Structure formats: structure tokens, C-alpha cells
Amino acid sequence: MTVDDPKGMKDQLDQKPNGKTAKGFVSSWRWYPAAVTLGVLCLGLLVTVILLILQLSQVSDLIKKQQANITHQEDILEGQILAQRRSEKSAQESQKELKEMIETLAHKLDEKSKKLMELHRQNLNLQEVLKEAANYSGPCPQDWLWHEENCYQFSSGSFNWEKSQENCLSLDAHLLKINSTDELEFIQQMIAHSSFPFWMGLSMRKPNYSWLWEDGTPLTPHLFRIQGAVSRMYPSGTCAYIQRGTVFAENCILTAFSICQKKANLLRAQ
């Protein structure tokens with residue numbers, strides 16, 4: 001071996017006295033670049049992991065925000081759906097009420113229409129009756145009531161007995177004279193719904209002070225009873241009036257309504 005063989009010298013240096021090579025130094029030298037590379041890789045991996053953790057945290061926060069936003073949107077949507085359902089329910093109820101109202105109004109309108117048609121028919125009938133009445137000459141003048149053989153008129157104003165007598169005479173009539181229970185019942189029915197007093201043609205005067213009709217005939221006994229006090233102190237005498245079906249005696253000077261009476265023209269009615 002010569003000095004010019006450096007490899008041989010290196011091999012000699014690497015050999016142990018027993019002829020074996022010292023591998024520890026050589027191995028450490030060979031693994032140093034690998035260790036550095038591994039350290040760099042570990043550092044890069046650590047940085048990567050840190051970056052991933054940071055990104056994961058950001059993503060997690062973003063997901064939480066999105067979930068919160070989604071939850072909020074779901075709450076809003078649920079509220080809108082609930083409000084829409086309530087609105088639909090209210091609309092259905094309103095529609096139902098409106099339908100019932102329309103049906104009720106239609107029913108009332110139908111009833112009104114029927115009543116209107118009935119009134120129209122009655123109006124036509126009334127026109128026919130009035131037309132016939134205009135051409136009919138009855139036993140009593142217009143505005144007089146006919147009962148059996150007599151005509152009766154109820155005054156529209158109140159006067160004393162003497163003035164009421166004059167009014168009846170001007171109508172070619174006389175104050176009421178009741179000759180029968182049937183006639184009394186008729187008069188009672190005619191004034192049943194009135195509370196006013198009506199003069200009759202019955203009075204009590206000097207010198208006899210007995211109840212006499214205008215024609216001088218006396219009152220038929222037991223035909224009706226006269227209530228009230230009879231006084232001879234009345235200058236105009238005591239006169240009779242009928243009120244609510246009962247005959248009363250009173251001062252002739254007082255005012256009351258009256259009932260005029262005259263014979264019906266039965267020949268004209270035939």
C-alpha cells in the first residue's frame with residue numbers, strides 16, 4: 001500500500017485493531033441529512049397542523065354561525081308558516097261567516113220578495129175594491145158605519161153636549177139613541193179600543209128630571225145602568241156619555257166626543 005492511496009488510508013483508519021471497521025461514526029454522519037430533513041418535515045407538519053387547527057376553528061365558527069343563521073331562518077319560517085296557517089284559518093272562518101251571512105240575506109231577500117209580491121197582490125185587490133166602492137152607493141154616507149137599520153159617525157172633535165147635538169143636526173142626524181142590547185153591544189165594540197168619552201142623546205132636565213132621549217121618549221128600563229152622581233145644580237142639566245162600554249152621568253157643559261146616528265137608506269143598498 002502506498003501513500004498515494006487515500007482510500008486505503010481511510011480504510012485503515014476505519015478499521016479496529018482486531019481488523020473490524022468502526023461503523024458508529026460513519027452511520028452518524030450518513031443519517032445527519034436525514035435527521036435534518038425529518039426535523040424540517042416535522043416542523044412543516046406542525047405548522048400545517050396548526051394551520052389546519054386554525055382553519056378548522058374558523059370553519060367551526062363559520063358552521064356555528066351558519067347553523068345559528070339557519071336556526072334563525074327556521075324560526076322565522078316557522079313563524080311565517082304559523083302566521084299563514086292562522087291567516088288561512090281566519091280567512092276560512094271569515095269565508096264561512098260571509099257565506100252564512102249571504103245565505104241569511106238571500107233568505108231574507110226571498111221573504112221580502114214574497115211579502116212584496118203579496119202586498120202587490122193585495123194592492124191590486126184593494127184597487128179593485130176601491131173601484132167597486134167608488135161606483136157603489138151604500139145605505140150610509142161616506143165615513144159612516146152601517147149597522148142593521150142605522151148609520152153611525154164618531155166625531156173627530158170634542159164639544160159640550162149642546163154643541164154636539166147641533167153638529168149632528170147639521171148632518172141630518174141626532175145623537176146616539178140605544179134601543180136594544182144588540183145596538184149597545186155594537187157601540188161597545190166600536191169604542192172598545194178608545195179611552196175617550198162619547199156624548200149620547202140622553203139627558204135629564206127640568207122640570208121632570210127624568211132620563212129622556214132627544215125625541216122625548218124615556219130610557220128603556222134595565223137596558224143599561226147609568227153610573228155617576230146626578231145633580232140638579234147643573235145649569236145645563238145632566239147628560240149621559242158612554243166610555244169603555246159603560247154609561248155615565250155628567251154635567252152637560254163639559255166637552256166630550258160624540259156619536260151621531262141616523263136611519264140607513266136600505267132601499268139604496270138593494
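Placed from the backbone N, Cα and C atoms, the Cβ positions cover glycine too.
Positions annotated as coiled coil by Swiss-Prot: 85-135. According to Swiss-Prot, the feature disulfide bond maps to CYS140-CYS151, CYS168-CYS260, CYS239-CYS252, an assignment based on sequence analysis. Per Swiss-Prot, N-linked glycosylation site is recorded for ASN69, ASN135, and the stated evidence type is sequence analysis. As annotated by Swiss-Prot, region 'Neck' applies to 57-146. Positions annotated as topological domain 'Cytoplasmic' by Swiss-Prot, on the basis of sequence analysis: 1-33. Summarising the annotation, Swiss-Prot assigns transmembrane segment to 34-56.
Close to CYS151 (disulfide bond) in the fold, though at least 6 residues off in sequence, lie PRO139, CYS140, PRO141, TRP144, LEU145, ALA173, GLN261, LYS262, LYS263, ALA264, each with a CB less than 8 Å from its CB. Here the Cβ of CYS239 (disulfide bond) has 28 other Cβ atoms within 10 Å, regardless of which shown protein chain they belong to. Listed in sequence order, ASN160, TRP161, GLU162, SER203, TYR234, SER236, GLY237, THR238, CYS239 are the same-chain residues at least 6 apart in sequence whose CB falls under 8 Å from the CB of CYS252 (disulfide bond). The Cβ neighbour count for ASN69 (N-linked glycosylation site), using a 10 Å radius and every protein chain shown, is 10. Taking the disulfide-bonded residues CYS140, CYS260 in turn and counting surrounding C-beta atoms within 10 angstroms, the largest count is reached at CYS260. Looking just at the coiled coil (85-135), the mean pLDDT is 84. Broken down by DSSP into helix, strand and coil, the region 'Neck' (57-146) contains 78 helix, 2 strand, 10 coil. Note: the Cα of CYS260 (disulfide bond) and the Cα of ASN69 (N-linked glycosylation site) are spaced 100 Å from each other. The two recorded residues, CYS168 (disulfide bond) and ASN69 (N-linked glycosylation site), show a Cα separation of 103 Å. In the three-state DSSP assignment, the secondary structure recorded for CYS252 (disulfide bond) is coil. DSSP gives CYS239 (disulfide bond) a strand state.
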